[in-house]
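Here is the structure we will look at.
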Amino acid sequence: MSIKAEEISSLIKQQLANYQEQLSVEETGTVTYVGDGIARAHGLDNAMAGELLEFDNGVFGMVQNLESNDVGIVVLGDFTGIREGNSVKRTGRIMEVPVGDALLGRVVDPLGRPIDGNGEIKTDKTRPVERKAPGVMQRKSVFEPLQTGIKVIDALVPIGRGQRELIIGDRKTGKTSIAMDAIINQKDQDMICIYVAIGQKESTVRSQVETLRRYGAMDYTIVVSAGPSDPAPLLYIAPYTGAAMGEEFMFNGKHVLIVYDDLTKQADAYRELSLILRRPPGREAYPGDIFYTHSRLLERAAKLSDELGGGSMTALPIIQTQAGDVSAYIPTNVISITDGQIFLDSDLFYAGTRPAIDAGTSVSRVGGDAQIKAMKKVSGTLRLDLASYTELASFAQFGSDLDTSTQSKLNRGARTVEVLKQGLHQPETVEQQVVTLFALGKGFIDAIKIEDIQRYESELFSYMTGNHQEILDEITSTSKLPEGDGFYNAIKEFSESFQGSKEAAK
Ligand SMILES: Nc1ncnc2c1ncn2[C@@H]1O[C@H](COP(=O)(O)OP(=O)(O)OP(=O)(O)O)[C@@H](O)[C@H]1O
């Protein structure tokens, strides 16, 4: 192998050029204050907003406030080792995290360092944590469905690839469970998942990782975790880290699902660090740019145009409400940024309707575009049926004599609610959902006793797979409802043979 002289000289020139660049940015300042994850330093005259700084002891910080005499820095790590008078150095870079395939199956902190005890992450690719979201011309409208495997979502509030759908509700109403089930259902769906846990107990994150692993979902998932004992800056930066990792896949033409669990805690962390940085407090003591904090994060979720490879990043941010109050500051902000919300109701949850999704207040602004044709057809009137059922049910409590049409509406409504119930970690394929909803719409379930419905559903599907696989295949390949009477007759045949169907509905 011969080595060309020009090649060597050009390499040396390149190295020299970089060397000079590094020298020109190096600049040191002196720490004048440290406390609660924040530091101030004097003498960094040319520091840029968002620039990464390095303290004496190797801990990194990020420039947040540029003031006339000093800069406000958020410390990305343990601040207790930093002393007043220590020097702090500019790096000339903005904060970056490792990205790429090597992160799949790993649990990392918001700086991209492994915390799962499985050794170092071997990747040399990095991406900036903060990045401008794709612009109008770089996007395409959302049209491909993202199947969550949860009937009530796929039928009533369908989510498309590239959409941002908020999951909102009081504490312990099943918000995380919905996100987890959506991730579990992405197996073999050509989707990369990122779960960002913000301020959640280490033990909770651990059990979530175990769950994902048990269902084989860790193979295509990255978990970014900032625990409650981590300094506020790490909690604040965690969702941006997740977004940077997702963008790497999205810009390579892949599909990504990212969950931010939850942005309420992230907003609280940002409020904490802003107050310590002495930024003026606004409504509910949040800083003035809290809206921008969330909007620039969620705008990064996108469906890219074909020229950019057609990749997508779907975001499921989670927000916790107090006593169902969606009109508080942070909930209204995030509702207005996202393309719809899944509202979880604690009354429904405690009444046993799980997932406790309130069909009246949950919407998806991308809607039907993100459903396959068959699903669109079978779920068409479901929302209206449910709404009129809720209204009638409350009204029927007062009267005893109901005419037959009201009676049958109540009957159908009660069965619809039962059909839409679904246990934890039991995702259903879209074909399975279509079969059940078709049977419901055609009135086959009206004659089944409420307590037999779950059994009816599962037996119906095994009957279909056992005897009419060709019908299911047709739904899969054409995305449409099969033509002719075959589908109807198959369900009819099963329903007639189903034990318990002969009993009149109560
Ligand atoms: N579909 C379901 N069927 C049965 N149980 C469920 C279902 N969804 C959630 N649960 C149970 O409800 C409990 C609360 O769920 P989860 O932790 O998802 O709620 P959360 O709203 O995310 O809570 P947090 O306020 O802690 O974030 C869990 O114990 C979970 O097992």
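The backbone N, Cα and C atoms fix where each Cβ goes, glycine too.
Among the features that TrEMBL reports, domain 'ATPase F1/V1/A1 complex alpha/beta subunit N-terminal' is placed at 25-92. Residues belonging to the domain 'ATPase F1/V1/A1 complex alpha/beta subunit N-terminal' (25-92) score a mean pLDDT of 88 in the model.
The feature domain 'ATPase F1/V1/A1 complex alpha/beta subunit nucleotide-binding' is assigned by TrEMBL to 149-364.
According to its DSSP assignment, Arg171 (ATP binding site) is coil. Taken from TrEMBL, the feature ATP binding site applies to Gly169, Asp170, Arg171, Lys172, Thr173, Gly174, Lys175, Thr176.
Remark: Ser362 (site 'Required for activity') has Leu156, Val157, Gly340, Gln341, Ile342, Phe343 as non-local neighbours, by Cβ distance under 8 Å and separation of at least 6 in sequence. What TrEMBL records for Ser362 is site 'Required for activity'.
Residues annotated as domain 'ATP synthase alpha subunit C-terminal' in TrEMBL: 371-483.
When each of the binding-site residues Asp170, Arg171, Thr173 is scored by how many other Cβ atoms sit within 10 Å of its Cβ, Arg171 comes out lowest. The most densely surrounded of the binding-site residues Gly169, Gly174 is Gly169 (count of other Cβ atoms within 10 A of its Cβ). The helix, strand and coil residue counts that DSSP assigns across the domain 'ATPase F1/V1/A1 complex alpha/beta subunit N-terminal' (25-92) are 1 helix, 38 strand, 29 coil. Set side by side, the binding-site residues Lys172, Lys175 differ in how many other CB atoms lie within 10 angstroms of their CB, and the most is found at Lys175. Just so you know, the Cβ of Thr176 (ATP binding site) picks up 19 other Cβ atoms within 10 Å once every protein chain is counted. Closeness to ligand 1 is met by Thr173, Gly174, these being the recorded positions among Thr173, Gly174, Ser362 whose Cβ falls under 6 Å from the molecule.
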